[in-house]
Amino acid sequence: MAEANSMVLNVIYLSGFLDLFGVSLFLPLLSSYAMDLGASSTVIGMLGSLYGTLQFVAGPIVGKWSDVSGHRHALILCLILSAFGYLLLGFSYSLVIMFLARIPSGIFKHSQNISKAYITDITPKDHHSAVFGRFNAVSSFGFILGPPVGGHIAELPGGFQLAVTVTGGIFILNAGMLWYFVPEMKPGDLTTETIRQKNRVPAALNANNKEMKVRNSWTHSLAQFLKSFQNIDWRNLCDIFLIKLILGIGALLYRNQYTLFLKTRFNASPSTIGYMISYSAIASACAGFMMGHIVKWYNNDTKLLHHATAMMFISLIMTAIVPNVFWMVVIGTPLALSTSICRVIITNLIIEKGHEHDSAALLGIGQSIMSIGRIVAPVLAGFSSEFSVVAPNLISASCSFIAFLMLVILQRLTPKESRKID
């Protein structure tokens, strides 16, 4: 990998860290602040649903727009518009303003996905999994450091407003950093030979280079823009999107009930729960840094995904039967590893099955699918917990087992898909 690309990648990694660090400064405080403004539990749920719904609708559109206009340009603009929403949230002294302030970030907070799409522009295919893993790992440290820093800020007078204002400033700083250090790189700007060397794809795909340039034109009409979604190979992608949805629901279901599970099952204190959450985040980050070595050792993404879903299933089953917190820590290690692997490999397979010039649109669709999970998981978690505190864990395990069975069936139906990825 060229030295210039390595420097740009490091800037993208730092951008991912700043992104999640900024968001995690205020996100744990959002519900309590809404409650201070007089919001009921239902209204707080509606606030979360508004954001999830906007993400669901806007994900594919913003993703495709970034494929058309250029990932760097779209990433910078999304960061600035998200910053506007966060700064507006800092002036929300009523629930109405609070709801309005969530609209800009709900529509434009797709910086993580667009960053990954930009990564596909500057790295060869055989490096994607490793680079995605490192990006996720560095970004995860933002969620490790952000909540305690935000908690200390919240203890100051006007703490929530200050935390959100700092978040907006971080996003503006992030946008400025990308503007200065990161060059634009559109797939349509690459020559035919560069595309062939970079992606190692058949010459037939390289023949579409001229069409890619047209699609990346600023004069791209709305009709052409909407029609471009038809060029996505939906039949080839529906299986991996369905697997992403099932695994996403399982992971979100477990995560939503994690605090309640530890408190109810083991009588864990808030500090213990905090350390457990931090440990899980650190384990996930370490797994991300190891992704390159793991993928290189397997040299087969489909096989690796099989084993990761099986590990996730076993780990989730074990969380329902372990006797104490110590064993939860032990089981949490393979669970964090398998979850990180699944997230990275599924992202890579989505891009592999589609085309790189649609990468942001595909990742936006994936984010919309996860938004469905964010709507389903809390309801399912609350309902199942009425029967047993371990019920959400068992349903999560069932989701991973279903995904594993789907992978086995798909491998037998399409044996070519299981070959080694060169």
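Note that the numbers count up from 1, one per residue, in the order the chain is shown.
Cβ coordinates are placed from backbone N, Cα and C, and glycine is handled just like the others.
As given in TrEMBL:
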type	residues	note
DOMAIN	8-415	domain 'Major facilitator superfamily (MFS) profile'
TRANSMEM	12-30	transmembrane segment
TRANSMEM	42-62	transmembrane segment
TRANSMEM	74-101	transmembrane segment
TRANSMEM	160-182	transmembrane segment
TRANSMEM	234-253	transmembrane segment
TRANSMEM	273-292	transmembrane segment
TRANSMEM	304-322	transmembrane segment
TRANSMEM	389-410	transmembrane segment
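Here the transmembrane segment (160-182) has long-range neighbours at 7-8, 11-12, 14-15, 18-19, 21-23, 25-26, 29, 33, 72, 75-76, 79-80, 82-84, 86-87, 89-91, 111, 118, 150, 153-154, meaning same-chain residues at least 6 beyond its ends whose C-beta is under 8 angstroms from one of its own. Between the transmembrane segment (389-410) and the stretches 12-30, 234-253, 273-292, 304-322, the greatest number of Cβ pairs separated by less than 8 Å involves 304-322. For the domain 'Major facilitator superfamily (MFS) profile' (8-415), the model's average pLDDT works out to 82.
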